[in-house]
Amino acid sequence: MKSITAATMINVFNGTTNFSTLIGAFLCDTYFGRYKTLGFATVASFMGLLLIQLTAAIKKLHPPSCGSGEIDTCKGATAGQLAFLLTGFGSLIVGAAGIRPCNLAFGADQFNPETESGKRGINSFFNWYFFTFTFAQLVSLTLIVYVQSNVSWAIGLGIPAILMLISCALFFMGSKMYVKVKATGSPVTSLIQVIVVAIKKRSLKPPEQPWLSLFNYVPPSSINSKLPYSEQFRFLDKAAIVTPGDEINPDGSATDPWKLCTMQQVEEVKCLFRVIPIWIAALIYYLVMVQQNTYAVFQAQQSNRRLGNSNFKIPAASYTVFLMLSMTIWIPIYDRIVVPFLQRLTGKEGGITVLQRMGIGIFLSIITMLVSALVEGRRRTIALTKPTLGVEPRRGAISSMSGLWLIPQLTLTGLVEAFAAIGQVEFYYKQFPENMRSIGGSLLYCGMGGSSYLSSFLISVIHRTTKGAATGNWLPEDLNKGRLDYFYYTIAAIEVLNFGYFLVCARWYRYKGTGKDDTLEEKIGSTQSGKTIA
């Protein structure tokens, strides 16, 4: 394939996998439960990896070698070969749709939030999950990529398939030990009912004491925590106002849920509405992560990537390993040293609240962009004023600045993710109603997908507006002729505004089940009902 075709296919694949998590989460929470969804998804992932491995291992499933390497001699894939490859991608999308939103929630389900050890276990689980996840990525970007590039694509693609097969076996071996929370029907239906009924009853006068007068029936089979009344989004309260035309069943439930909703349903919708502004802030902060996985690689390509006086060059794409190393090293330190210290200092579980943790990450994202801009300015100045080290094909002159200067910005990016991304996942898990936790888990990936699209839009706008500027195009193929540092400063400015927006949202936010900002960790689980075990 031509590089632009391959890049487009990968971008579509990545975007689809991120947004498919919404469908997987909906099916999980509505019909199958997390255990069955994960079981099906792990098998689908294995099948996808196996199919892609076969495209490399079997000659008839891939085009012949290009021979001399000239484009004219390359023979493209047949329709059948391409269909086989896309089937593998499709299986991976199905696997990602089930695994990504469910695995964290399923893991956290194994802890009892009503005990002190269980609450500590949930907090620690999120940290160690990201530690192992990042370590796995390190292995993928080093060992497996080396095998694919220097030994054999068939072997390099076979290793992940074998590991996924082992993963499937281990998952099903533990079946009898798991806590399995049953699916309780569509949480989305309940959400829509509240909005529809609130609109129908919009002309009603709000009650003076809603916590006493609103319809407050809770089904005995509900797995959700019983939520106290909260003042925010009071217009939704009208959905739970009992009118003369509303009929009540003998068991206390509403005869028609499309005419009368419960206060519990209303509070669950309020939980979702409160999360959305925080999610928007998280979507914008992730712009920083997107740049470090794209333009930082381009910076590396036009930097001196040799180690000392040796001829060994660090591959440009491998510089993201420093991001993961930073995160991998910091998480155990944070979990075992920083958190206990902060707990003694503040008296709060986890040391700080999840919103404070996210806020630290968003603040660090500003610092990351400023450092990235300063490093790029230095790289470009050296390239234009001092002897260069040759030319990077299809790009430009290679600056004599060492590529190791990129490590600080990548290290900071790892810390950003350690604070903001992990805090974000923990936040969604704790703040969504229990029957919507898989949907909450999918928000992280939807945010990643949204950030990628937002980054593409921003790049397009920068291209268009700077094309005829006196400074020239900021983002040309040859970074020496552009002003990537200005682009980084622009994102830093956006992140400053985002940080201010986040602080306003965090101050306004009320944690689920409480009326205060900073007491979630003390109360989480105290109002939770027992789980329904499969």
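Just so you know, glycine gets a Cβ as well, placed from its N, Cα and C.
Taken from TrEMBL, the feature transmembrane segment covers 12-32 (among others).
Positions annotated as transmembrane segment by TrEMBL: 38-58 (among others).
Per TrEMBL, transmembrane segment is recorded for 126-147 (among others).
What TrEMBL lists as transmembrane segment is 153-173 (among others).
Under the heading transmembrane segment, TrEMBL lists 271-288 (among others).
Feature annotation from TrEMBL assigns transmembrane segment to 316-334 (among others). With a threshold of 8 Å between CB atoms, the same-chain residues lying at least 6 positions outside the transmembrane segment (316-334) that come near it are 127-128, 130-131, 134-135, 137-138, 141-142, 145, 292-293, 296-298, 300-301, 305, 403, 406-407, 410-415, 417-418, 422.
Residues 278, 281-282, 285, 288, 291-292, 296, 299, 405-406, 408-409, 412-413, 415-424, 426-427, 430, 485-486, 488-489, 491-492, 495-496, 498-499, 502-503, 506, 509, 517, 520-521 of the same chain sit 6 or more residues outside the transmembrane segment (354-375) yet have a Cβ under 8 Å from a Cβ within it. Annotation comment: TrEMBL describes 354-375 (among others) as transmembrane segment.
Positions annotated as transmembrane segment by TrEMBL: 403-422 (among others).
Residues or ranges marked as transmembrane segment in TrEMBL: 443-466 (among others). For the transmembrane segment (443-466), same-chain residues at least 6 beyond its ends with a Cβ under 8 Å from one of its own Cβ atoms are 11, 14-15, 17-19, 21-22, 100-101, 275, 279, 282-284, 286-287, 289-291, 294, 421, 424-425, 428, 472-475, 483, 487, 490-491.
The transmembrane segment annotation in TrEMBL covers 486-506 (among others).
Under 8 Å from some Cβ of the transmembrane segment (38-58) lie the Cβ atoms of residues 24, 32, 81, 84-85, 87-99, 102-103, 106, 152-154, 157-158, 160-161, 164-165, 167-168, 171-172, all in the same chain and six or more residues away from its ends. Counting Cβ pairs closer than 8 Å to the transmembrane segment (126-147), the top stretch among 12-32, 403-422, 486-506 is 403-422.
Here the transmembrane segment (403-422) has long-range neighbours at 126-127, 130, 282, 285, 288-289, 292, 296, 299-300, 303-305, 314, 319-320, 322-328, 330-331, 334, 357-358, 360-362, 364-365, 367-368, 371-372, 375, 378-379, 444, meaning same-chain residues at least 6 beyond its ends whose C-beta is under 8 angstroms from one of its own. Residues 277-278, 280-281, 284-285, 287-288, 291, 295, 355-356, 358-359, 362-363, 365-366, 369-370, 372-373, 376, 458, 462, 471, 474-475, 517 of the same chain lie 6 or more positions beyond the ends of the transmembrane segment (486-506) yet place their CB under 8 Å from a CB of it. For the transmembrane segment (153-173), the residues of the chain that approach it from at least six positions outside its boundaries are 38-39, 42-43, 45-46, 49-50, 52-53, 56-57, 140, 144-145, 147, judged by C-beta separation under 8 angstroms.
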